[in-house]
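What follows is a short report on a single structure.
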């Protein structure tokens, strides 16, 4: 019976394929990919919805987007009278169409919608929610995922992604909508009057906030290469740099045009060195010093540096975080009660740097919304000078409540330009940080363990650390084990336990005098990540042995 219903369901979807907006994507998929769309459902989680295009409730299409929008409309109307919302969208396939569908559904429920006529960055959406004082915001993007993906992120009135409680409530409203093929969305002129043009003044205000933050970029002979990886950071980043009288940059022209197919990049992820391939070619031709890339929705940023001999140094997210924190400490020396915020899997290096400079630090769960929650709870006398995640997400000033590569681009250029005046580089500055607080190094191992056996393996690893906490790992004495699922810390050196004041998450962190390792399974994929952050000899060898010991 169940198989018959599934077949009927598939036939109904195929009958509506011409109206789905995704027929072309569906026809290009394998039989397995097509079947997955009918055998699963998209779920609205803490980061919204992200998935492939295709037919069925497990894929993004006109009907599943209408279901999402209708659920969100009911959620917003239940929260407040006369809600308002701003929608932004990136350059991906169907981002514009999805934005219009969502706007129409929300307008149909008397929700005022601010909708731009062109693509925007994620940090601009966060800023716009705060600037326009709207009830919520929606960003249509799938960050650096492949070209056949898209997604919807929902933001609250503070410009941060919805809290866990709010996203769970919104999810219930979405699920109550039922079958997406049964939704009827009447459109009338009266309803479309709720859709308003997005004010240009908001973009101007965003630019002014960054200009005020930067002040000026000192004149040096620093040369920069920039790539948007076909994403949204062009034209806003070049316009911003020019407004700061910095013109010593070259764009990777082929990659600085919006392209939903990401035609000229092997990877649209600034964490991946391959994302810099064309930037390196241009840097070698133009003798550039600094290479910068942003991901497609411009919330994350990667950098590399070219020396006089043409050697390229790539900086990981923790190293960029350390450099930016170091610079922000220098810039804010006149402030008291300074605070830095980072995720629990980010480096010991930045914590050591903060301690050395008498800067308070706080650690939060992974996900920038947790950083935003800390910012929201700041006392009046506290000054947040920097926040970051090791996954290349940074924030210098909190007029935005999400990762913001747009504000970081001119900041890192200003830093590099100042260093160039003294004949120094970012690599030199990082080495100085190591000499000051110690050579804390970091690496990440990501394991995909498919199938039932893979799931059991992941559960077994986490259970082992919980029930049989190791006394030492590769000669490193364990001080404590933090379990964010039980909200407990077991202090092995004292044989005591204490509580963690944090939302629950399936993460275990093992602490040593030399640093930590952390284990974090994915909640949606058959993956588990091992983070290693240590100050020790032969770091690479030690990290590899720890990885082999856990996953052998």
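We count from 1, first residue shown onward.
In case you wondered, yes, glycine gets a Cβ from its N, Cα and C as well.
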- [ ] Return the residue out of 143, 460, 467 that Swiss-Prot annotates for the same Mg(2+) site as 295, 297, 299.
- [x] 143
Task: Under 8 Å by Cβ from residue 143 (active site, phosphoserine intermediate), counting only residues of that chain that are 6 or more apart - done: 151, 295, 296, 297, 299, 300
TODO: Determine which residues of the same chain, besides 143, 295, 297, 299, have their CB within 8 A of the center of the CB atoms at the recorded Mg(2+) site, and list them by sequence.
DONE: 90, 122, 141, 144, 231, 294, 296, 298, 300, 403, 405
Task: Neighbour count (Cβ, 10 Å) for residue 299 (Mg(2+) binding site) - done: 32
Task: Cβ-Cβ neighbours of residue 295 (Mg(2+) binding site) (radius 10 Å) - done: 31
Open item on the list: Through the lens of DSSP with three states only, how would you label residue 297 (Mg(2+) binding site)?
Closed with: coil
